[in-house]
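Just below is one structure, and these are the notes that go with it.
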Amino acid sequence: MQSIFGTDGIRGRFDKEITYSLAYKVGYALGFIVKTNNPILIGRDTRISGEILFEAISKGIKDAGKEFIYLGICPTPAIPFLIKKEKFSSGIMISASHNPPEFNGIKIFDKNGEKIKRDFEKRIELIMARVDNNKIITNKYKSVSKNNELLNIYTKGLIDSMENENLEGMKIILDACYGSATTCAESVFKKLGANVKVINNDKDGLKINLNCGSTCLDPLNKAIKENDADMGFSFDGDADRVIGVDSKGNILDGDHILFLWGRELLEEKVLTNNTIISTRMANLGFERNWNNIGGILYRTEVGDKFIFAALKEKKALLGGEQSGHILSKINNFCGDGILTALQISKYCKKKNINLESWLNSSFLPYPQKLTNILLSFDFKNINNSNKDLINESIESFSSIKKNDCRVYIRPSGTEPVLRILVEAQNQKEVDFLSTKITTELRSKINKISNNL
């Protein structure tokens, strides 16, 4: 049987892959597994379906004989931070991160504030399979009060991470993406003295991630120019990732953040073996330039759980993904978009340098093209002959290594798409290869879809 867990928890469309029944079973299973009497912490992003899934999860936890505390709408990193600081037994974040509003998901954290590992996932799935469906009754929803003080503890932690540095004199735009960042990003930057303007700052679960946030930088770029700002940062739906933009519209993605932040740590001589961690999506230009200044880039499969494991294994201090998901020792290696934005702003202030100049001192990326092919089927669940049909092309194209060309193809672990990354030293080669690969794979995918 295929696992319900992907690269970042459980993810899918609400009322299709993610149902009340599934959420109840997850809550019940976690409550059954947890052995201490300390409550389970639950948070969510702004999606409309979040309230329904919270109701189901909390009912499951109660039916398993355990207690919970409801944080309400919050950034995902608040959950692991508070688990460690306030000694919760575990935690759940209800969010589909950067996905559209119709999606939702469930991320589970253990007693150490770490995303659960595969053996824990298997235990949850085993218990879920035993839950009597007759127990899952949708009662009339009873309002549950939120613990607002806990969010204040998290935001204080963000401010403390600045180590008495401030952001006075800096004009910064934030795109809160109608999501979790609406709860505290503005107040944190203001408390640190920044002149802040926030766009898309309503808690609107129908607009979350739509034409805004870390996957759509146009609104941020426009606001930076209109307000003559120094820089800006766009968060995703649950604020665990961030992308920056300088005053000229240049993009500071996760690769640039890792290079610049990593170089500071390299100069401070605190990086273990001069190593930072990223994934197979990381740009070759980033890797080559990082190597040129004496650094080592260790690549993992895509997903912050793989980065986290490598950080532990290599005893590294910094890792992340091109998408802006950055893990640092500051907050126990949990991706935190607000914290990352604060650190980048802090370095600009300390170095007395604008983000444009700092970004220009990093590296010139190789041309890349990322194409997503929508799948009408779950890649994990198709029969072996169909899977082999696609894998044959993936293996063939992935073996291309000529002229610093790189191809990486994978089914997404968070949404129904096949991702195709093509990278080379010139854009013409990238476009040619990308078109060739996409055309062949799309033809095979359509053939499979028509036969299902």
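The backbone N, Cα and C atoms fix where each Cβ goes, glycine too.
These features come from Swiss-Prot:
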type	residues	note
MOD_RES	Ser97	phosphoserine
BINDING	Ser97, Asp236, Asp238, Asp240	Mg(2+) binding site
ACT_SITE	Ser97	active site, phosphoserine intermediate
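In the three-state DSSP scheme, Ser97 (phosphoserine) falls into the coil class. Within 8 Å of the centroid of the Cβ atoms of Ser97, Asp236, Asp238, Asp240, where the record puts Mg(2+), the same chain has further Cβ atoms from Asp45, Pro75, Thr76, Ser95, His98, Gly179, Ser180, Phe235, Gly237, Ala239, Arg241, Gly335, Gly337. Counting every protein chain shown, the number of other Cβ atoms lying within 10 Å of the Cβ of Asp240 (Mg(2+) binding site) is 34. Sequence-distant contacts of Asp238 (Mg(2+) binding site), defined as residues of its own chain at least six apart whose C-beta falls under 8 angstroms from its C-beta, comprise Asp45, Pro75, Thr76, Met93, Ser95, Ser97, Gly179, Ser180. The Cβ of Asp236 (Mg(2+) binding site) has 32 other Cβ atoms within 10 Å, all protein chains considered. Just so you know, the Cβ of Ser97 (phosphoserine) picks up 29 other Cβ atoms within 10 Å once every protein chain is counted.
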